[in-house]
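Some notes on the structure that comes next.
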Amino acid sequence: MIVPFTKMQGIGNDFVVVDAISQALYLNQGQISQLAHRNFGIGFDQLLLIEAPQHPEADFHFRIFNADGSEAGHCGNGARAVAKYVRQKGLTWKRELRLSTNTATMNTVLEDNGLITINMGKPRLEPEKIPLRFAEASDAYAIEVDGIRHKVGAVSMGNPHCVLTVDNIATAPVQELGPKLSQHSYFPAQANVGFMQIVNPEEIKLRVFERGVGETLACGTGACAAVVVGRLQNLLKEKVKVGLPGGSLWIRWEGKGHQVYMTGPAKVVFEGQIDI
Ligand SMILES: N[C@H](CCC[C@H](N)C(=O)O)C(=O)O
């Protein structure tokens with residue numbers, strides 16, 4: 001079957017986007033991981049399948065699959081890509097959209113400067129909603145890895161995140177500690193692991209070891225999770241610039257009970273088709 005796709009990226013987090021409305025597409029985990037392969041396939045961090053809305057107030061639904069073929073509940077950089085894709089493909093003329101994923105619904109606004117602002121919803125802090133195997137919600141948890149106790153924050157943005165603070169992002173143990181925290185038994189659904197350096201209360205640097213992928217150049221929900229954790233730990237103000245290896249995102253969170261807002265770019269790289 002010939003499947004047209006659009007390759008896109010959001011500050012270096014890269015996607016294959018497929019309109020699964022006009023052409024239903026069913027891929028198993030092995031096929032997805034093959035397509036994700038940087039040598040044997042197209043190569044991507046996530047596959048985004050755009051589907052018809054599942055409820056009347058949404059304009060589009062999209063599903064997210066990591067490079068290992070696992071399905072995820074949310075993707076912040078991917079949401080910006082979807083918002084840009086549906087307009088560029090003429091699937092809508094609207095500049096303000098309501099998108100849904102398996103775990104979240106969000107409003108998106110295409111700004112005059114070409115950036116996209118997304119209301120990412122309220123962070124979920126209750127352990128059972130992250131999910132995290134702790135009884136009580138806390139602004140910080142102690143998780144032991146190889147005999148060392150790490151102070152981490154944990155939050156769901158519709159997908160699970162674990163965030164720890166480091167002095168210098170350049171020397172953060174992303175490859176050593178990232179997978180061990182991501183697959184720690186305290187995270188029954190695994191977790192995306194953010195390493196956050198506080199530059200000042202309005203700016204951080206962040207690297208993210210993503211569940212189902214490994215370290216990516218950027219993670220949108222990870223940027224939101226890091227700002228939420230930083231604010232809960234009284235390290236950050238309401239508006240924060242998040243510097244990731246692939247570029248910057250602007251996150252705003254007033255605090256508990258409020259929505260998180262994310263602003264950033266999304267770009268088309270090329271159009272293609274593949275015989276699956
Ligand atoms: N790896 C994530 C999904 C992609 C999130 C990321 N690319 C973003 O921009 O939020 C997970 O398994 O929850």
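Indices start at 1 and increase along the chain as displayed.
Including glycine, each Cβ sits where the backbone N, Cα and C put it.
Spatially close to Cys75 (active site, proton donor) yet at least six residues away along the chain are Gln46, Leu48, Ile64, Thr101, Asn159, Gly220, Thr221, judged by Cβ distances under 8 angstroms. The active site, proton donor feature in TrEMBL is assigned to Cys75.
According to TrEMBL, the feature active site maps to Cys75.
TrEMBL lists Cys219 with the feature active site, proton acceptor. Cys219 (active site, proton acceptor) falls within neither a helix nor a strand when secondary structure is assigned with DSSP, and so counts as coil.
Per TrEMBL, the feature substrate binding site maps to Asn13, Gln46, Asn66, Gly76, Asn77, Asn159, Asn192, Glu210, Arg211, Gly220, Thr221. Residues near Asn13 (substrate binding site) in space but far in sequence (CB under 8 A, at least 6 apart, same chain), listed by position: Asp45, Gln46, Asn77, Gly78, Thr216, Leu217, Ala218, Cys219, Gly220, Gly246.
Look at Phe270 (site 'Important for dimerization'): DSSP puts it in a strand. The number of other Cβ atoms within 10 Å of the Cβ belonging to Phe270 (site 'Important for dimerization'), over all protein chains shown, comes to 9. Annotated site 'Important for dimerization' per TrEMBL: Phe270, in sequence order.
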Binding-site residues (Asn66, Asn77, Asn192, Thr221), the one with most neighbouring Cβ atoms at 10 Å: Asn77
Greatest inter-residue Cα distance in Å for the substrate-binding set Asn13, Gln46, Asn66, Gly76, Asn77, Asn159, Asn192, Glu210, Arg211, Gly220, Thr221: 16
Cβ neighbour count (within 10 Å, all chains shown) around Arg211 (substrate binding site): 25
Other CB atoms within 10 A, centred on Cys219 (active site, proton acceptor): 35
